[in-house]
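A quick write-up on the structure given underneath.
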């Protein structure tokens with residue numbers, strides 16, 4: 001895996017914690033049987049070759065986005081840096097929302113981002129559904145030990161009895177039922193003898209706890225739904241807050257790294273692990289949960305509900321629309337894996353919520369592409385320029401560096417002819433002050449070509465300038481002796497009209513015009529940027545091989561890539577990745 005140049009180090013509060021754990025030998029004696037399992041299995045294992053174990057645990061109910069990329073980079077990066085292993089685990093405990101399509105897409109996205117979960121001869125690709133038998137066995141053990149009970153209240157009754165931040169909850173009438181009675185009901189739940197929502201398994205903790213999450217949280221609920229992996233084998237499914245610590249412990253995770261919304265769940269996480277370890281079900285040392293602030297970007301929404309609405313209502317062209325914050329959208333836009341890793345490395349890992357300006361993501365891809373992207377010329381808004389004193393039918397070769405940062409890349413060659421395409425913005429009939437490009441009587445250099453002097457222009461019936469005339473100075477060709485004898489203040493790019501390659505170019509910009517589209521009571525759809533996609537018919541420098549994924553810096557314009565979906569050899573389609581400079585004011 002090739003990484004971008006090392007960025008300035010961003011703070012990461014987790015690093016000192018891990019270093020302290022390793023220095024104190026907190027995981028010394030930790031055993032690993034080569035696969036996840038309970039204490040009895042791990043006791044048969046060898047000392048764990050991984051110094052630490054982390055995990056990236058997506059739910060397979062959608063496509064990964066830039067926020068997930070941060071979590072991926074944090075978990076895989078810490079494991080890499082400290083001689084550990086990062087697991088890819090699918091938290092597939094909600095059968096009504098999960099699909100194999102998303103599993104496949106997540107695997108592809110994590111691989112594309114540059115990370116691998118194979119280590120020490122193990123695949124380290126896991127599914128929560130692989131642990132359903134363990135979870136159920138542990139649930140029975142908790143019931144028998146008096147730590148859990150089956151509640152027959154409705155969801156509304158449970159909610160009403162939970163209390164508030166200032167008032168304690170009320171005990172369920174089923175809280176003190178005998179353990180064998182709860183065990184019987186739990187087995188009936190598993191055997192499909194009760195309808196959805198009729199019974200739940202709850203932990204017996206403390207209904208007066210100041211932390212509402214410890215007021216007998218629900219662990220299992222009845223759901224007669226087909227699971228994408230287990231089919232109809234189960235009709236009870238674990239709640240995430242119960243499954244999460246069990247999964248971590250079975251996999252020997254040392255540092256369970258979550259986003260801040262799970263901070264209030266940590267006491268329940270610790271309670272579950274402690275009770276199951278006391279019962280001999282889970283091996284010590286136990287995992288510890290740490291929370292960091294999720295990545296929030298200006299001009300972006302990452303809510304699955306809102307992204308789905310954008311797709312379903314046609315505001316974007318699917319999940320891989322180049323304006324979407326999904327990893328597939330960013331990939332199609334032309335963002336490289338190394339640019340996204342670079343961006344994530346430049347953002348701090350902290351416990352304080354903040355918003356990162358979108359310009360930092362754009363700058364990361366500029367910094368990543370600048371040293372490697374070949375240069376070329378494109379004209380996006382073409383205007384004909386005729387060199388009136390240049391012979392008709394004549395063509396000569398001009399040359400330019402493929403990449404000024406890499407002399408080994410060599411030069412590119414392209415023809416100069418009588419008729420050229422230039423940008424509309426490079427001519428003014430009546431120029432403003434400090435305008436140094438073409439206007440009647442002014443002299444400019446055609447970059448890599450000749451110096452020319454504007455002699456006239458032609459308008460159509462509507463008054464639009466459709467052609468500019470100029471004369472060239474024969475002794476001023478770039479790279480020849482005496483070429484700099486004529487001093488000019490303006491340089492403009494061009495392509496030969498007879499040789500240029502026609503292409504459709506999508507000029508993508510930020511999807512939202514508001515820096516905080518999901519803030520407060522805003523209608524996020526009202527914040528959409530009406531200019532987030534503009535399509536133009538452009539002319540490209542000849543010699544460009546428009547294969548999907550090929551990327552260039554078009555001089556003066558920005559970075560562009562060949563669209564992976566719509567481009568064809570006979571009809572190239574390109575996407576603008578990013579402009580050369582930030583054109584937005586800081587949010």
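Backbone N, Cα and C atoms are what each Cβ position is placed from, and that goes for glycine too.
Sequence annotations record features per position, and here Swiss-Prot assigns ATP binding site to 59, 60, 61, 65, 66, 67, 68, 69, 70, 71, 259, 294, 295. For 91, 240, the entry in Swiss-Prot reads L-glutamine binding site, with the evidence type sequence analysis. Among the features that Swiss-Prot reports, motif ''HIGH' region' is placed at 58-68. Residues annotated as motif ''KMSKS' region' in Swiss-Prot, with sequence analysis given as evidence: 301-305.
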Cβ-Cβ distance under 8 Å to residue 240 (L-glutamine binding site), same chain, at least six residues away:
91, 93, 94
Let's check the environment of residue 68 (ATP binding site): how many other CB atoms sit within 10 Å of its CB?
23
Mind checking which residues reach the motif ''HIGH' region' (58-68)? Cβ under 8 Å, same chain, six or more beyond either end.
90-94, 97-100, 102-103, 105-106, 109-110, 228, 294-297, 300, 302, 304, 307-308, 319, 324-328, 330, 340, 361
Let me know how many other Cβ atoms fall within 10 Å of the Cβ of residue 91 (L-glutamine binding site).
21
Hey, what's the Cβ neighbour count for residue 66 (ATP binding site) at 10 Å?
23
Test of understanding: give the count of other CB atoms lying within 10 angstroms of the CB of residue 295 (ATP binding site).
25
On the DSSP side of things, how many residues of the motif ''HIGH' region' (58-68) fall into helix, strand and coil, could you say?
3 helix, 1 strand, 7 coil
Which value does the mean pLDDT take for the motif ''KMSKS' region' (301-305) in this predicted structure?
94
Give the residue counts of the motif ''KMSKS' region' (301-305) per reduced DSSP state, in the order helix, strand, coil.
2 helix, 0 strand, 3 coil
Would you count the other C-beta atoms found within 10 angstroms of the C-beta of residue 259 (ATP binding site) for me?
15
Across all the protein chains here, work out how many other Cβ atoms are within 10 Å of the Cβ of residue 70 (ATP binding site).
24
With Cβ-Cβ distance below 8 Å and at least 6 positions apart along the chain, what are the contacts of residue 61 (ATP binding site)? List them in sequence order.
94, 97, 98, 99, 102, 304
